[in-house]
Amino acid sequence: MTVIGTGYLGATHAACMAELGHEVRGVDVDEAKIERLRSGDVPFYEPGLEEILRRNLDNGRLRFSTDYREVAQFAHVHFLAVGTPQQRGSYAADLTYVRSVISDLVPLLEGSHLILGKSTVPVGTAAELQDLADLLAKENTKVEIAWNPEFLRESHGVEDTITPDRIVLGLRAGSEAEETVREVYASQLEANTPFIVTDRQTAELVKVAANSFLATKISFINAVAELCEISGADVKALADAIGYDDRIGRKFLGAGLGFGGGCLPKDIRAFMARAGELGADQALSFLREVDTINMRQRDRVVQFAREESGGNLLGTRITVLGAAFKPNSDDVRDSPALNVAGQLSLGGAAVSVYDPQAMANARREFPTLVYTDTVEGALEGAELVILATEWKIFRELDPERVAGLVAKPVIIDARNVLDARAWQDAGWRVRALGRSL
Ligand SMILES: NC(=O)c1ccc[n+]([C@@H]2O[C@H](COP(=O)([O-])OP(=O)(O)OC[C@H]3O[C@@H](n4cnc5c(N)ncnc54)[C@H](O)[C@@H]3O)[C@@H](O)[C@H]2O)c1
């Protein structure tokens, strides 16, 4: 099989498919990325991936290339895993990369081929790509497009690919591709992973619906957190209490700085845009509010920081702990932590940022911020500390030791992960979203 597009999703998928015993070729247009993957170097931080990559390069099951011609002849099953970012100036998904895979690959194919879309796309994309493929395919060549959306979570990419909690496959009417897909995922199916075979539209919608639900849950608790703060209630205790109801569940009820990354924000926007195109914009207008609540959390943290700086950020030395959009990742796409750091810096604060893995990516995105090599270096002389990404090393900071490093013991726990009482006992002034501390 081939995996086309070797970013966070594709590189992980390619390596894990080889780990499961398949012969895999990964393809990307980014030569530098392919060169790194070829030499066993994962171009991003994903726990456990490098070991699997190296093992399967060594045993010869996994190879990487930038040459579509080479891979077109290699396999009959092709995973499509290129990016679908938000279009500039619009909420809609940019399908340029997805379309160009079809126009570059399909004319090179001979015989019978199955393209399995993994990228997150607006409903109707598979059918559109099928029309394009039918137009471009050589005579006597059959190319089928099916959708097999991906649910992996960055930082859990390997386990989510090898042992997913479900596999979804969307097929066109009359398709016989299910058997092939059963072979691809034989080990997962043997382990009784739920396998949902449906039409392509449903498969496309499953992914955006899942992400929209998760985003809604996070914004729900953040909206309630705003009320908690005003009324003197505590959102953490509230979330624990409602989370015990198994119809609700405690996951994704962590009030704080909200969601970011390369998926949730762009996926809910693309979902709204597609609903509008289909004449159903009212059905999803609540997602606009979900998005607004989410973005407001970033402003609220900046507002807290302004208040703690006496109403004016100018010259305040602020340490932002975290740059990645979530812990155990180096992904800074639409990162709430970096957004806050950037806003504070633009407001005149002297901002110092530390993240265990995302420094290089953060530097590229926001070159004007100051980045320090150690957490201690970042904290030295700070007049305000903001915990913006809940890495374990930040959660486990010793408040007494840290109090010795900073100029003023004031912390905003923007992820609600610290033991506020312990920090207060060590002499800290603690602020958190949704809590009156
Ligand atoms: N990152 C995740 O956790 C995750 C999870 C589920 C779904 N997804 C979806 O998967 C898709 C990819 O996401 P990602 O995070 O891996 O993005 P990414 O930007 O990390 O990777 C995309 C890759 O595609 C390559 N590419 C672009 N055009 C190409 C072409 N014509 N041929 C070959 N390669 C090409 C790029 O060079 C890049 O390496 C998106 O639709 C995303 O929404 C991502």
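Backbone N, Cα and C atoms are what each Cβ position is placed from, and that goes for glycine too.
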- Query: Where TrEMBL shows ASP28, LYS33, THR84, THR120, GLU154, LYS266 binding NAD(+), which of ARG333, ARG363, ARG364, ARG395 is named for the same site?
  - Reply: ARG333
- Message: Going by the substrate site in TrEMBL, where PHE151, LEU152, ARG153, GLU154, PHE252, LEU253, GLY254, ALA255, GLY256, GLY260, LYS326 are listed, which of the candidates LYS138, LYS142, LYS207 is also part of it?
- Response: LYS207
- Message: Tell me which of the recorded positions ARG153, GLY260, CYS263 ends up closest to THR84 (NAD(+) binding site) in space, Cα to Cα.
- Response: CYS263
- Recorded substrate binding residues, PHE151, LEU152, ARG153, GLU154, LYS207, PHE252, LEU253, GLY254, ALA255, GLY256, GLY260, LYS326 - maximal Cα separation rounded to whole Å: 24
- Message: Need this for a regression test: binding-site residues ASP28, LYS33, THR120, GLU154, LYS266, ARG333, filtered to those with Cα within 10 Å of LYS207 (substrate binding site). What's left?
- Response: THR120
- Query: Which of these recorded positions is closest to GLU154 (NAD(+) binding site) if you go by CA atoms: LEU253, ALA255, GLY260, CYS263?
  - Reply: CYS263
- What mean pLDDT does the predicted model reach across the domain 'UDP-glucose/GDP-mannose dehydrogenase C-terminal' (319-420)? 97
- the domain 'UDP-glucose/GDP-mannose dehydrogenase C-terminal' (319-420) - residue tally per DSSP class, helix then strand then coil: 33 helix, 18 strand, 51 coil
